[in-house]
Amino acid sequence: MNTIRSAILDNNILRSRGSYSKLPVTDEENADNDGDDKEEFRNESDQTDDERDYMLYGRRSGSSNIMDTLDDLPPGIGQYDDFHTIDWLRDIARDRMRHRHIVKKRQEGCWEQVKGAHDAWSGWVCVLLVGVAAGTCAGIIDIGSSWMSDLKEGVCLEAFWFNREQCCWSGPSLNSTSMNEDSDCDQWYSWGRMMGSGAGGAGSYIIGYLFYILWALLFGVLAALLVRMFAPYACGSGIPEIKTILSGFIIRGYLGKWTLLIKSLGMMLSVAAGLSLGKEGPFVHVACCCGNIFSYLFPKYGRNEAKKREVLSAAAAAGVSVAFGAPIGGVLFSLEEVSYYFPLKTLWRSFFCALIAAFILRSINPFGNDHLVMFSIDYNEPWTLQELIPFILIGALGGLFGKFFIKFNIMWCRYRKMSRLGNYPIFEVLGIVFITALLSYPNPYTRMNSSELIRLLVSRCGPEDDTEICDYKRSSNITDPFKWSALAGAGVGSAVWKLALALIFKMIITIFTFGIKIPAGLFIPSMAVGSIIGRIVGIGVEQLVVNNANSVFFSNICESQGKCIITPGLYAMVGAAAALGGVTRMTVSLVVIMFELTGGLEYIVPMMAAAMTSKWVGDALGRESIYDAHIALNGYPYLDHKEEFTHTTIAADVMRPRYWRYGTGVRNDPPLAVITQDSMTVEETESLLRNTEHNGFPVVVSRESQYLVGFVLRRDLNLAIANARKTSEGVVSNSIIYFTGHVPVDPNGPAPLKLRKILDMAPVTITDQTPMETVVEMFRKLGLRQTLVTHNGRLLGIITKKDVLRHIAQLRNQDPESILFN
């Protein structure tokens, strides 16, 4: 699809430049036009250099008939207002013109060659800086959130800046893996121990319980206050908004400096509060903030919204790379899930950006384990074909969980939005934090950090493990007994019941947590739910096989003497992938992220089977992912390129103004607001701007003929008229506005205002009989902001992106007014 879109873009750019003949385009030019020596567009032999300059910049040197009044365009021309959609064709055409000008200037001297080289390398330098910044931010956030999370349970007196694991590295219990008691680590002081209460007693438990709740409330209210006071856009995961921005939508401030700072601090506080959320999803938002900030250092990206989105796509890949230590998965996530336009050069730069970010994070080593992956596994026991049955079952459960979560989370978020609860976000955060802390502390599997829980569940029981989940009746007569499955002891049964309670609690509390006004991600909570499901299923399969070791059905699983190999940790890993796939509907990128996340290359097939089953089951119940559902809930103008339009409507059914029947002259909408090319005064145009709210106006030959000349944006027209009144002598209210090349001279009249330079003389047009299926594909693949509807060359109406989205909503029996933005 991207190849088709690139070809159509090139063809429309040629149309916007006039009658060019074009030399063959090399693959290198299609891949990257950022300054490399390539074949240029050539003019026809009868065109002069002045005519070529006019085609590039809207003027012709030495011709008073064509030169516009606005010799220097005012600042802001070509930019977009907040909550508006960009015009991809226009921005990419502008960048091609800018690049051609740079190539031409290279012949003028060494300095111009240096500037050309800088322009060629600026994209790589920009993504390099973004990767470094994203890796650094991720390392700081990981270290800070780990330290604050442990602060709820105690403090390291000898070095308070150490978390619990670091504090106990040099202690007497270096080889101990159970840290539930104070005696395991002399350097670590729980709050009960700090208050003088004995270890393991009721007093110590109550004091620890109270401090756990108080610290959680403190962290939660700080996160909510920071977001409320300094950066309202820092709440949530940010991925729905990033998807919308990458599709061409403008949200000013969403990727700004304050959002970056507050999002980073808020992520540490939110995770430390013990809420059922993760910091991995918001890493995409943080990385995109870095990409947006660094893009302004390079005018090629800072002044061109379409080019900026290439940097943001690379930044999104870096965000997933540092979230999970999965650079390849990050690139695929950007391609599959968030990016709207992903040409080949963006793929290369995304890979480079993700590589740099992962390298920086590995250098910082926030986990302190010399592993880039978050949940490194130390087993590679084989799996058998019979196990595909429980793997597929886990995938189906993941799809069911995804549908369950999406449905009830959207219901709760809609209720929050429509009720008075939305007016009190800080109190809602405090309530969720209090309930979460109150119910989490008694259960050790909900008390621990979600990342630690997943790490515990995907691991296998080794010789050094003495936790209840590893309480098996192992035989000492078997060599390496921890490799083989065994009958479960009382501890495993107790752990299964606690995990079941943890599963119910996390499924419910995550519904109310995702969407509150603090930085909150969904990757880790979904994976935690899935890993609990997988571990429970894995233990059940393990005990089924062990108790029926002599069965013919299990003959390839069990060897002689009843030695069977079933790895419950593998089932937890598959469950994590299934639940995350059910919520996000990812497939390829999900599997790659999971095997990079765990290092379990041996288990790609089970994860693929679970991921596909999860998606099939989820899509059968509802095709929307959680991010698409939140995009629809917020009313963002997002056209999903993964959905098909199968209805038989035509452009005349959607365009504005709407006609009851073509040719009768009967209309149910106000007439289309147009501007004539050479007969409207400044005062009439300003009156039109005051009385309408349209984002742009078609320019026609006359109101009688309605033959189309071009299209002018409202913002550009406002800025041009205001600038002309200030800087051009003789321009008054009675001045005629000309969008033509030839301007008649009237010595007795007011000075004319020539605005041909801001006119788009090649707007995309369709006929009134064009099928809407074709129109929707044009909007998706060309990134159109609007298209003009004609009949026999005469202008009939206009279709905007918002009109298309409203039409799709109507066909789905949804409220078309839910589309809030342009």
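For all residues, glycine too, the Cβ spot is worked out from N, Cα and C.
Owing to the predicted nature of the structure, the values given are computational and were not obtained by experimental measurement.
The region 'Disordered' annotation in TrEMBL covers 20-49.
What TrEMBL lists as compositional bias 'Acidic residues' is 26-38.
Residues or ranges marked as transmembrane segment by TrEMBL: 121-141 (among others).
Here TrEMBL flags 202-227 (among others) as transmembrane segment.
Residues or ranges marked as transmembrane segment by TrEMBL: 260-277 (among others).
TrEMBL lists 283-299 (among others) with the feature transmembrane segment.
Listed as Cβ neighbours of the transmembrane segment (311-335) (distance under 8 Å, sequence separation of 6 or more from its ends, same chain) are residues 123, 126-127, 130-131, 134-135, 137-139, 242, 245-246, 255, 279-281, 283-288, 290-292, 294-295, 301, 341-342, 346-347, 349-358, 360-362, 371-374, 523, 586, 588-590, 592-594, 596-597. Sequence annotations record features per position, and here TrEMBL assigns transmembrane segment to 311-335 (among others).
What TrEMBL records for 388-412 (among others) is transmembrane segment.
Under the heading transmembrane segment, TrEMBL lists 424-441 (among others).
What TrEMBL records for 495-516 (among others) is transmembrane segment. For the transmembrane segment (495-516), the list of distant contacts is 224, 235-237, 275-277, 401, 404-405, 408-409, 412-413, 416, 425, 428-429, 432, 435-436, 439-440, 443-446, 453, 467-469, 471, 522, 525-526, 528-529, 532-533, 535-536, 539, 626, 630: same-chain residues at least six beyond its ends, Cβ to Cβ under 8 Å.
Here the transmembrane segment (522-541) has long-range neighbours at 237, 276-281, 323-324, 387, 390, 393-394, 397-398, 401-402, 405, 445, 450-451, 453-454, 457-458, 469, 488, 492, 496, 499-500, 502-503, 506-507, 510, 513-514, 566-580, 582-584, 626, meaning same-chain residues at least 6 beyond its ends whose C-beta is under 8 angstroms from one of its own. Look at TrEMBL and you will find 522-541 (among others) tagged as transmembrane segment.
According to TrEMBL, the feature transmembrane segment maps to 562-580 (among others).
Same-chain residues lying 6+ beyond the ends of the transmembrane segment (586-605) with a Cβ under 8 Å from its Cβ atoms: 320, 324-330, 332-333, 335-337, 371, 373-377, 380, 382-383, 458, 570, 573-574, 576-577, 580, 611-612, 615, 625. The transmembrane segment feature in TrEMBL is assigned to 586-605 (among others).
The annotation domain 'CBS' is assigned in TrEMBL to 668-727 (among others). In the domain 'CBS' (668-727), the DSSP tally of helix, strand and coil residues is 24 helix, 15 strand, 21 coil.
The feature domain 'CBS' is assigned by TrEMBL to 759-817 (among others).
Among the recorded stretches 121-141, 202-227, 260-277, 388-412, 424-441, the one sharing the largest number of Cβ pairs closer than 8 Å with the transmembrane segment (283-299) is 121-141. In this chain, the transmembrane segment (121-141) lies out of contact with the transmembrane segment (424-441); the count of Cβ pairs under 8 Å, excluding pairs fewer than 6 apart in sequence, is fewer than 3.
Within the same chain, the transmembrane segment (260-277) packs against the transmembrane segment (121-141): three or more Cβ pairs sit under 8 Å, each pair at least 6 residues apart. Per DSSP, the secondary structure of the domain 'CBS' (759-817) breaks down as 24 helix, 18 strand, 17 coil. Outside the transmembrane segment (562-580) by six or more residues, the chain places 375, 377, 379, 381-383, 387, 390-391, 394-395, 397-399, 401-402, 454, 457-460, 478, 483-485, 523, 526-535, 537-539, 541-542, 545-546, 549-550, 554, 586, 590-591, 594, 598, 600, 603, 606-607, 610-611, 613-614 with a CB less than 8 A from a CB of the stretch.
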